[in-house]
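Per Swiss-Prot, the features are:
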- ASP388: active site, 4-aspartylphosphate intermediate (ACT_SITE)
- ASP729, ASP733: Mg(2+) binding site (BINDING)
- 14-50: compositional bias 'Basic and acidic residues' (COMPBIAS)
- SER955: phosphoserine (MOD_RES)
- 1-50: region 'Disordered' (REGION)
- 1-99: topological domain 'Cytoplasmic' (TOPO_DOM)
- 121-143: topological domain 'Lumenal' (TOPO_DOM)
- 165-300: topological domain 'Cytoplasmic' (TOPO_DOM)
- 321-332: topological domain 'Lumenal' (TOPO_DOM)
- 351-784: topological domain 'Cytoplasmic' (TOPO_DOM)
- 805-814: topological domain 'Lumenal' (TOPO_DOM)
- 836-855: topological domain 'Cytoplasmic' (TOPO_DOM)
- 879-930: topological domain 'Lumenal' (TOPO_DOM)
- 951-964: topological domain 'Cytoplasmic' (TOPO_DOM)
- 984-998: topological domain 'Lumenal' (TOPO_DOM)
- 1020-1036: topological domain 'Cytoplasmic' (TOPO_DOM)
- 100-120: transmembrane segment (TRANSMEM)
- 144-164: transmembrane segment (TRANSMEM)
- 301-320: transmembrane segment (TRANSMEM)
- 333-350: transmembrane segment (TRANSMEM)
- 785-804: transmembrane segment (TRANSMEM)
- 815-835: transmembrane segment (TRANSMEM)
- 856-878: transmembrane segment (TRANSMEM)
- 931-950: transmembrane segment (TRANSMEM)
- 965-983: transmembrane segment (TRANSMEM)
- 999-1019: transmembrane segment (TRANSMEM)
Amino acid sequence: MRRKTEIYSVELNGTKDVKPADQRDDKKFKGAKNKDLEPNKSHEKEELKKELDLDDHRLSNTELEQKYGTNIIQGLSSVRATELLARDGPNTLTPPKQTPEIIKFLKQMVGGFSILLWIGAALCWIAFVIQYVNNSASLDNVYLGAILVLVVILTGIFAYYQEAKSTNIMASFSKMIPQQALVIRDAEKKVISAEQLVVGDVVEIKGGDQIPADIRLVFSQGCKVDNSSLTGESEPQARSTEFTHENPLETKNIGFYSTTCLEGTATGIVINTGDRTIIGRIASLASGVGSEKTPIAIEIEHFVHIVAGVAVSIDIIFFITAVCMKYYVLDAIIFLISIIVANVPEGLLATVTVTLSLTAKRMAKKNCLVKNLEAVETLGSTSIICSDKTGTLTQNRMTVAHLWFDNQIFVADTSENQTKQAFDQSSGTWASLSKIITLCNRAEFRPGQESVPIMKRTVVGDASETALLKFSEVILGDVMGIRKRNHKVAEIPFNSTNKFQLSIHETEDPNNKRFLVVMKGAPERILEKCSTIMINGQEQPLDKSSADSFHTAYMELGGLGERVLGFCHLYLPAEQFPQSYIFDVDSVNFPTSNFCFVGLLSMIDPPRSTVPDAVSKCRSAGIKVIMVTGDHPITAKAIAKSVGIISANNETVEDIAKRRNIAVEQVNKREAKAAVVTGMELKDMTPEQLDELLTNYQEIVFARTSPQQKLIIVEGCQRQDAIVAVTGDGVNDSPALKKADIGIAMGIAGSDAAKNAADMVLLDDNFASIVTGVEEGRLIFDNLKKTIAYTLTKNIAELCPFLIYIVAGLPLPIGTITILFIDLGTDIIPSIALAYEKAESDIMNRKPRHKKKDRLVNTQLAIYSYLHIGLMQALGGFLVYFTVYAQQGFWPTSLINLRVAWETDDINDLEDSYGQEWTRYQRKYLEWTGSTAFFVAIMIQQIADLIIRKTRRNSIFQQGLFRNKVIWVGIASQVIVALILSYGLGSVPALSFTMLRVQYWFVAVPHAILIWVYDEMRKLFIRLYPGSWWDKNMYY
């Protein structure tokens, strides 16, 4: 058994000793950012992926002072601070090494097919030099070499521009770093640059400040922090000096670098700076995690290897053949150039890029902003989605979900746009409860929002108070008016010790001048303060039966993963508390017991209304959705069930144990079809156990997980050969976003670091947008197959003329430059047009493609394109070629082995089949005519090829011949380019085109019709005999 995966077992500053700072070995810390501290990068990455192992949260203040050689009152001396700054370096994050832009550009110049074209260009210039030396130089090879270089440079620039994406992850982390810090040094308070902070410094923070380093709190007063970017917790977290948890990420006496203090004040000792802070470690981890190659990049690389392999193989075979047939080496080199150009689809990679760009634009309109174009298809290949809960699956706002009063549970409306609540509001108990909810609340709407819908108004207050305020406003209206009429005279804010909030109000009833005390807080604490309970508007003694009803409701609501609050009130006797009475909240000169319990209210961050349907679509599409959250397991499970990540009929081990009333250990784990796994459980798992979990359970929720555990979950999924999509919004998500096959950041709630690490940004933070992206991704894969099949088909029609030219010695049927006009002229727009083709069937009802089995270019596609349709096109081209020559007097048989005489400049009396003599110029003109006719023949047949590529299985009549209008724009572009080349540029000798007789345009039409009929028969038999030999070998 391998050792257990320690998730983030990090040594503080590289050492686990707790010596005073003065006694530690400074050599270990000098130049902490130098390479000599990174002898093994893979080892360092593994260290980064381990759980934080600190003990500072366990130490007393005295031990802390001793460990760091500091004093809570006086702080460090300036001299010592200078020494530590020189030793540890500034409190900043080290930027990663960047690949120079010129290197990125040069990679585009030699990637893909470019290297073959460079070879072709080099051979052109070599041929020219040889000809020049032999005094027979022709500028044709110079022109061709220049054109090939131009093609490489232009496609390289295009690819560089289109594929450039943000890799500056560290820069976004740096934006989060606080600029100034209030520090105590030499017994004086000083404002210094945060970069100058050192371990042992004593710093003070207040509401609104960013914490300038990892600190251990030694004083706190009402301090709350926002840790959401690090831990995923959406609720403000209280901070105190108490050691409350073994895990340093969850204890209350540690504050983390770059998190925000929301309210209160605190003083702390700096325990980590710069790269050694939690955010520093995450930044290093994100930068150190290598971006995985996207599936489409792997497919294109695979395709390039196939085409390059075919080109090189044919080159070698025919070079040897040419030499064996006594051709000059120079001629053999020229053959090589032609075969390279004929084999390489020069415009294809640019076409793929444009196709991906068009899809990316479509997705942007559907709120998916694609940063990395290849991610467009990756999303369609996704087989596992690891999704955050807060903000992605949920609405990212606390909302009132249930109420309990009069011994009944009422369901509240949790939809995004609440306009009213449907539960019974006629009871007197509800009147009292609604008053407490309204008055015992410090949240307020920002002014000037009267015309804004209530649920979209901006509120000053925390998440829970905001939910209660909006709930009250929807039902009662004019909450601020109610508060004015019930003036607040005293208040005890909520704190973690009391666990309640209390306020005292004058009442608006002119006949009742008693003060009203309202209280809300933890239900069990509120119940302790009550002696009566309100039922149907009447106070009754709080007996055992009522208490039991309370506990039943409390457990039921808590079991739904909702945050439950209790509410009670007390009218103060007018004779003891007259209108002139001065309330003192410090001495508490008023009653805090014998209240009347009114009811319970529970809140939750509810699911988005579109998510359940989106999850259902994922399941139909064979995609496993895994929830990974930092939230509580009960809450996570409740949301997972409500959105369908855990199906209604599927049980976890805990559910089975509860149903059978037995211990969890007694349940056979294989009986459960769903699993809820906590971060602590994951920490104790070996990689093999994680693999087993991911394999055996289709429905999984990971709760209370750390960011590093999220990365390990992603790696576990990838070990299953899954293509993994990960959503995230916080700094903590950056490593997992970068490691995933496709990282998806939140556009609204997402941090800069998350957006930079991701490949895609959801502009509306909505999980349903991912499913839309999956559909687009699957469609683009299908359409790319069609595009490649279309592009490859003509390669055989371009290659065969050179092979016949070499073997049979015919006059050259088509020139190299003419081929480039096909690849980069007539075929570009039609290739792109296929990106607009609609799906043939419901692509969301099939399983994700297997990244090793379902290839973009498979054997069936290559055989059908090359050997079926490709050979038909070649035959059609030769039919036109021989027709042109026959009409001019050269029968096909007379052309065999005529090449040498045909190309000899000194022969000006070459006889045709009728005895007519041809000069060298006349023969050259006829050669250009034959080449132009061959070009037109390929173009005509490519029109048929374009139409049949609209579908792979359905008849084009089922798909709709005119459904994709862009196809017809592509066809029109082919004809227009051919007309311009033939009739517009036909007089330019270097281009080898001539003005073609009208009848030659129609010679290849029967072949085009044959191609269409043949393909319709192929599709018919595939539909008639699914699963047959024909289906397996003829469907690509």
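Here the Cβ of each residue, glycine as well, is placed from N, Cα and C on the backbone.
Here the transmembrane segment (931-950) has Cβ contacts under 8 Å with residues 786-787, 789-790, 793-794, 797-798, 801, 812-815, 818, 821-822, 826-827, 830, 833-834, 837, 869, 872-873, 876-881, 883-884, 956, 959, 961, 964, 967, 970-971, 974-975, 978, 981-982, 986, 992-994, 996, 1000-1001, 1003-1005, 1007-1009, 1011-1012, 1015-1016 of the same chain, all six or more residues outside its ends. When each of 333-350, 785-804, 965-983 is scored by its Cβ pairs under 8 Å to the transmembrane segment (815-835), the top-ranked stretch turns out to be 965-983.
It is 333-350 that, among the stretches 301-320, 333-350, 785-804, 999-1019, forms the most Cβ pairs under 8 Å with the transmembrane segment (144-164).
Packing against the transmembrane segment (100-120) from elsewhere in the chain are residues 145, 148-149, 151-153, 155-157, 159-160, 163-164, 300, 304, 307-308, 311, 336-337, 340-341, 343-346, 348-349: each is 6 or more residues past its ends and has a CB under 8 Å from a CB in it. When Cβ-Cβ distances under 8 Å to the transmembrane segment (301-320) are tallied for each of 333-350, 785-804, 856-878, 965-983, 999-1019, the top count falls to 333-350. Here the transmembrane segment (999-1019) has Cβ contacts under 8 Å with residues 864, 868-869, 872-873, 875-877, 879-880, 883-884, 933, 936-937, 940-941, 943-945, 947-948, 951-956, 1034 of the same chain, all six or more residues outside its ends. Proximity of SER955 (phosphoserine) to non-local residues of its own chain (separation of 6 or more, Cβ distance below 8 Å) is seen for GLU1016, LYS1019, LEU1020, given in sequence order. For the residue listed as 'active site, 4-aspartylphosphate intermediate' paired with ASP733 (Mg(2+) binding site), the C-alpha to C-alpha distance reads 9 Å. Local packing around the Cβ, expressed as the count of other Cβ atoms within 10 angstroms, is greatest for ASP729 among the recorded positions ASP388, ASP729. Applying DSSP to the topological domain 'Lumenal' (805-814) sorts its residues as follows: 3 helix, 0 strand, 7 coil. Cβ environment of ASP733 (Mg(2+) binding site): ASP388, PRO707, LYS710, VAL726, THR727, ALA745, ALA754, ALA757 lie under 8 Å away, each six or more residues apart in the same chain. Only residues 6 or more beyond the boundaries of the topological domain 'Cytoplasmic' (836-855), in the same chain, are considered here, and those with a CB under 8 A from a CB of the stretch are 295, 298-299, 302, 358, 380-383, 617, 620-623, 721, 723, 771, 774-775, 778-779, 781-783, 786, 950-954, 959, 963-964, 966-967. Counting only same-chain residues 6+ beyond the ends of the topological domain 'Lumenal' (984-998), those with a CB under 8 A from a CB of the stretch are 139-140, 143, 815, 817-818, 821, 925, 927-929, 931-933, 935-936. Note on the topological domain 'Lumenal' (805-814): residues 318, 321-322, 325, 327, 335, 798, 877-878, 881, 885, 895-900, 902-903, 923, 926-927, 930-931, 934-935 of its chain, located 6 or more positions outside it, place their CB under 8 angstroms from a CB of the stretch. Panel annotation: around the topological domain 'Lumenal' (321-332), residues 127, 130-131, 806-807 of the same chain, lying at least six beyond its termini, place a Cβ under 8 Å from a Cβ of the stretch. Within the same chain, residues 785, 789, 858, 860-861, 864-865, 952-955 sit at least 6 positions outside the topological domain 'Cytoplasmic' (1020-1036) and bring their C-beta atoms closer than 8 Å to a C-beta of that stretch. Residues 149, 152, 330, 333-334, 336-337, 340, 817, 990 of the same chain lie 6+ residues outside the topological domain 'Lumenal' (121-143) yet bring a C-beta within less than 8 angstroms of a C-beta in it. Note on the topological domain 'Cytoplasmic' (1020-1036): DSSP counts are 11 helix, 0 strand, 6 coil. Long-range Cβ contacts of the topological domain 'Cytoplasmic' (951-964) within its own chain (Cβ-Cβ under 8 Å, at least 6 residues beyond either end) map to 782, 785-786, 833, 836-838, 840-841, 1016, 1019-1020, 1022-1023, 1035-1036.
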